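S.K.: One structure, as structure tokens, below. Some questions next.
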């Protein structure tokens, strides 16, 4: 079979169908979000690296999150801006698969690190005397390796399942980026395997959410048992940033899934915007949330920029 029919030379990304006339203006907030994500997370990484007092598990996990976020932003927004501002809609088949790979990899890693951060909060509040015994450097290193390897194992089949599909000349993707099911739906063959595997991958995110909820139920029980009002406030402050980041990541994903599954009468551009929020907004807000709410990070950033 002709390889250009089996696998097209390139795909065309339409951007946000229905808002083509506004692409120029839509690009500006996306550009601002991109700058915030990259500069904010680089700042957090720099602060954690240079301040030895922050070299403990909570900030190690934050450093991992701040390493993932620029990757997720870079996987999506530069190509979006090319589509919005310069009508550079074409993306090679290999480039589209590469983009899909990194979007799903970074998304999986972000979910995994949020579980690790929930566990860190759980140990810090429910068993503080054993914190340094439980979360040793070795344990944190193993968790960091798992954060990378688990999504890698689950994402590689996405690429393989796309490579097995013929496309018969279909190459228009009504989206701003290439993701697994968006590419698979262009195929002229059965995508049943892709759908089943996609649901299995989503179940991993559901498992992560359940693990986080269980952790926070136990954390809340422990907090309400504290006799001191100040101790309760300190406990809430310890995990407040993580809760905000968790909601920022999972809520857009939840609404995107629900509108895709049940919102058949919702305009298509709403689906695309929600899918963009899911991968674009969290990387920017994470750095802002931790920069504002975490006292140690905020103090170091202020010192770095305003102390003479």
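Note: Cβ is positioned from N, Cα and C throughout, glycine not excepted.
Just so it is clear, the model here is predicted, and its values are computed rather than measured.
Relevant sequence annotations retrieved from Swiss-Prot are reproduced here:
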DISULFID  96-188  disulfide bond
CARBOHYD  2  N-linked glycosylation site
TOPO_DOM  1-24  topological domain 'Extracellular'
TOPO_DOM  46-53  topological domain 'Cytoplasmic'
TOPO_DOM  75-98  topological domain 'Extracellular'
TOPO_DOM  120-138  topological domain 'Cytoplasmic'
TOPO_DOM  160-195  topological domain 'Extracellular'
TOPO_DOM  216-235  topological domain 'Cytoplasmic'
TOPO_DOM  257-271  topological domain 'Extracellular'
TOPO_DOM  293-308  topological domain 'Cytoplasmic'
TRANSMEM  25-45  transmembrane segment
TRANSMEM  54-74  transmembrane segment
TRANSMEM  99-119  transmembrane segment
TRANSMEM  139-159  transmembrane segment
TRANSMEM  196-215  transmembrane segment
TRANSMEM  236-256  transmembrane segment
TRANSMEM  272-292  transmembrane segment
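Looking at the shown structure, can you explain where the listed features end up?
M.R.: Taken residue by residue with DSSP, residue 188 (disulfide bond) is part of neither helix nor strand, so it is coil. Residue 188 (disulfide bond): 13 other CB atoms within 10 A of its CB, across all protein chains.
Same-chain neighbours of the topological domain 'Cytoplasmic' (46-53): 59, 62-63, 66, 296-297, 300-301, 304, counting only residues six or more beyond its ends whose CB sits under 8 Å from a CB of the stretch.
Here the topological domain 'Extracellular' (75-98) has a mean pLDDT of 96 out of 100.
Same-chain residues lying 6+ beyond the ends of the topological domain 'Extracellular' (160-195) with a Cβ under 8 Å from its Cβ atoms: 1, 5-8, 10-17, 75-76, 79-80, 83, 91, 96-97, 99-100, 103-104, 268, 272, 275-276, 279.
Long-range Cβ contacts of the topological domain 'Cytoplasmic' (216-235) within its own chain (Cβ-Cβ under 8 Å, at least 6 residues beyond either end) map to 118, 121-122, 125-126, 243.
The DSSP breakdown of the topological domain 'Extracellular' (257-271), given as helix, strand and coil counts, is 10 helix, 0 strand, 5 coil.
Packing against the transmembrane segment (139-159) from elsewhere in the chain are residues 57, 60-61, 64, 97, 100-101, 104-105, 107-109, 111-113, 116, 180, 197, 201, 204: each is 6 or more residues past its ends and has a CB under 8 Å from a CB in it.
For the transmembrane segment (196-215), the list of distant contacts is 104, 108, 111-112, 114-115, 118-119, 121-122, 150, 154, 157-158, 161, 180-181, 246, 250, 253, 257: same-chain residues at least six beyond its ends, Cβ to Cβ under 8 Å.
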S.K.: Under a three-state reading of DSSP, tell me whether residue 96 (disulfide bond) is helix, strand or coil.
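M.R.: Helix, per DSSP.
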S.K.: Test the contact criterion for the transmembrane segment (25-45) and the transmembrane segment (99-119): 3 or more CB pairs under 8 Å, pairs 6 or more apart in sequence, then answer yes or no.
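M.R.: No, the stretches stay apart by this measure.
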S.K.: Could you tell me what the rest of the chain brings near the topological domain 'Extracellular' (75-98), counting residues at least six beyond its ends with Cβ under 8 Å?
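M.R.: Contacts with the topological domain 'Extracellular' (75-98): 7-15, 23-24, 26-27, 30-31, 33-34, 37, 106, 159, 162-163, 173, 176-178, 183, 276, 279-280.
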S.K.: Can you work out which residues elsewhere in the same chain, 6+ from the ends of the topological domain 'Cytoplasmic' (120-138), have a Cβ less than 8 Å from its Cβ atoms?
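M.R.: Residues 57-58, 61, 215-216, 218-219, 222-223, 235, 238-239, 242 contact the topological domain 'Cytoplasmic' (120-138) from elsewhere in the chain.
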S.K.: If I count Cβ-Cβ pairs under 8 A between the transmembrane segment (54-74) and each of 99-119, 236-256, 272-292, which range comes out on top?
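M.R.: Per the Cβ count, the answer is 99-119.
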S.K.: Count the Cβ atoms, other than its own, that fall within 10 Å of the Cβ of residue 96 (disulfide bond), considering every protein chain shown.
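M.R.: I get 24 for this one.
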